[in-house]
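Straight from TrEMBL, the features:
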DOMAIN    A:3-319  domain 'DNA-directed DNA polymerase X'
DOMAIN    A:52-71  domain 'Helix-hairpin-helix DNA-binding motif class 1'
DOMAIN    A:92-111  domain 'Helix-hairpin-helix DNA-binding motif class 1'
DOMAIN    A:127-146  domain 'Helix-hairpin-helix DNA-binding motif class 1'
DOMAIN    A:343-421  domain 'Polymerase/histidinol phosphatase N-terminal'
Amino acid sequence: MARPNDEVEAVLQEYADLVAITGGDAFKARAYEKAARAIGGFPTDISTLDAEGLREIPHVGKSIADKVLEYLSTGRIPALEETRAAIPPGVRELIAVPTLGPRKAMTLYEELGVSSVEQLLDAIHDKKLRDLKGFGPRTEENILHGIDLARKAGGSGGRILIDAAMDVAEQIVAELSGTAGCEGCAYAGSLRRMRETIGDIDVLVAATRSGPFMEAIAALPYTAEVIAHGEKKTSIRTTKGLQVDLRVLPPGSWGAGLLYFTGSKAHNIRIRELAVRHGYKLSEYGLFHAKSGRRITSATEEDVYARLGLPWIPPTLREDRGEVAAGLRDELPELVEDGDIRGDLHTHTDLTDGLASLEDMVTAAARRGYSYYAVTDHAPDLYMQRMTDAKILAQRERVRELDGKHRRMRLLHGAELNIGPDGEVDWPGEFLAGFDLCVASVHSHFNQSRAELTRRLVRACENPHVSVIGHPTTRLIGKRPGIDADFDTVFEACARTGTALEINAHPERIDLCDEDILRAKRYGVKFAVNTDAHSTTHLPYMRYGVGTAQRGWLTKDDIINTWPLQRLRRFLSPK
DNA sequence: GCCGTTTTCGGCCCGACTGTTTTCAGTCG
């Protein structure tokens with residue numbers, strides 16, 4: 001089930017949309033949008049807050065706090081229901097069509113009575129849009145195209161997994177970097193912030209002449225369509241339906257441009273407000289004096305932040321979750337980095353469902369420069385893996401033989417236990433004691449009650465041999481929601497028992513996610529960033545786990561697989 | 001509707017591109 005925060009976020013966002021559609025005060029609509037986002041991302045369960053507590057959430061004032069309380073106690077907000085009554089639900093559906101916004105949607109409804117995508121298609125077919133002011137033949141085409149795209153994107157909201165976006169972005173950056181006149185090229189946007197899914201890719205180029213880059217991107221083999229083509233910006237759609245926006249900036253504007261296009265939007269608004277308070281104006285072209293219009297700086301992100309009294313803020317923190325305030329106090333966390341990771345603590349081989357042999361996995365891991373590496377194949381309770389005591393003990397022999405043979409990397413022999421319906425795991429304590437570490441994860445019975453799921457995870461934490469809870473929510477992005485356990489209780493149990501929570505770096509999982517990490521950290525939990533690699537090609541997924549850990553404000557000390565082996569072993573020893 | 005070391009009123013981030021316009025509204029990020 002959705003957290004109350006998510007539910008209220010959706011309700012407030014709906015109200016914001018309806019205010020915009022009905023032509024209400026645009027600032028009021030934005031106020032509701034801001035409050036919706038703030039509540040959705042707020043770490044505390046809002047159903048536990050009173051009016052005073054609610055008003056401590058940014059952008060939540062008296063009016064919205066009252067509406068939230070009303071919603072939480074009655075499930076209704078009269079003001080919202082009145083507005084709903086005036087506007088059929090299908091009208092709101094219209095603004096989900098690209099190129100259709102609240103104004104056009106309302107014109108369609110008022111003038112033609114259109115209140116669904118179906119009716120809109122009929123109206124276009126009957127050429128009824130031709131008579132409307134502001135609607136021309138191209139508008140019709142764009143709407144038809146937009147409907148088509150929205151349908152193809154389906155329920156995923158058109159976002160793709162981070163690794164797929166990263167592949168495309170790195171190819172494009174390589175291509176444009178090699179184009180003559182390129183003085184800088186990088187991807188920005190949500191990809192640079194390492195969000196778990198990516199809506200579109202933003203690529204920046206620093207150059208004095210933009211033409212060659214606009215032509216280069218339009219000519220890429222996987223460019224299916226040029227959506228917009230201008231002097232400063234070109235947007236294309238790839239053959240896989242991914243939108244890429246290319247911006248070419250004067251080299252002197254690089255820092256301000258990179259800052260602007262990295263976002264997030266909420267972070268940008270925050271620092272622009274800061275700029276205004278200093279008597280400046282900040283745009284993608286630089287930081288300017290508001291009055292004289294004279295440029296102060298824009299060459300690097302560091303320069304721009306510094307003039308606003310801030311240290312450089314890592315992109316993964318730029319989500320308006322307090323990073324600006326922390327920066328002003330010089331209290332930004334020293335974030336974990338890729339190079340801090342000393343080993344991977346959750347990996348598989350072809351002894352169970354992995355694709356590569358033990359030797360190949362170990363060789364590939366050593367090549368990554370790890371100082372230790374754990375092999376954690378599935379245990380017997382996942383019976384399709386056909387694990388036996390004899391097989392895992394034989395594997396242990398081979399692991400011991402390989403230990404230290406590859407660039408002196410130390411090997412840990414472990415297992416990924418299955419957390420059964422009652423919280424039990426595969427082997428009794430005396431057998432588990434033979435492992436260097438045990439990861440324990442939920443693999444089935446996802447639909448138990450909240451109480452059962454919670455008790456199940458807590459019992460696993462209480463097992464003295466379980467050191468890490470693997471992919472704690474078991475979600476698969478775009479395919480399966482996470483289990484409905486009371487994770488605050490689970491986090492508390494992890495902290496109490498000294499059990500680490502995994503940040504599973506597989507792009508389909510990213511589990512825990514950034515918001516869960518922020519919540520868990522407040523309980524004093526430790527984390528393990530693991531790839532759950534089933535092949536050598538999965539080992540590089542570590543970067544997505546580290547990015548997610550950064551988004552959760554984690555430092556080296558929070559993450560057990562950045563620790564020296566001795567300290568790690570102490571953590572892994574039976575509790 | 002929210003917010004406040006210039007303000008409790010009067011602001012609210014800022015700019016690019018498209019399509020319909022002939023000076024600008026709407027949408028998007």
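Each Cβ is built from the backbone N, Cα and C atoms, and glycine gets one as well.
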Within-chain partners of the domain 'Helix-hairpin-helix DNA-binding motif class 1' (A:127-146) [C-beta distance under 8 Å, separation at least 6 from its ends]: 97-100, 104, 107-108, 111-112, 120-121
For the domain 'Helix-hairpin-helix DNA-binding motif class 1' (A:92-111), sequence-distant contacts whose Cβ falls under 8 Å of one of its Cβ atoms, 6 or more beyond its ends: 14, 17-18, 20-23, 117, 120, 123, 129, 132-135, 139, 142-143, 145-147, 149-150
DSSP-derived helix, strand and coil totals, residue by residue, for the domain 'Helix-hairpin-helix DNA-binding motif class 1' (A:52-71): 13 helix, 0 strand, 7 coil
Local confidence of the domain 'DNA-directed DNA polymerase X' (A:3-319) - pLDDT mean: 89
For the domain 'Helix-hairpin-helix DNA-binding motif class 1' (A:92-111), residues assigned helix / strand / coil by DSSP: 13 helix, 0 strand, 7 coil
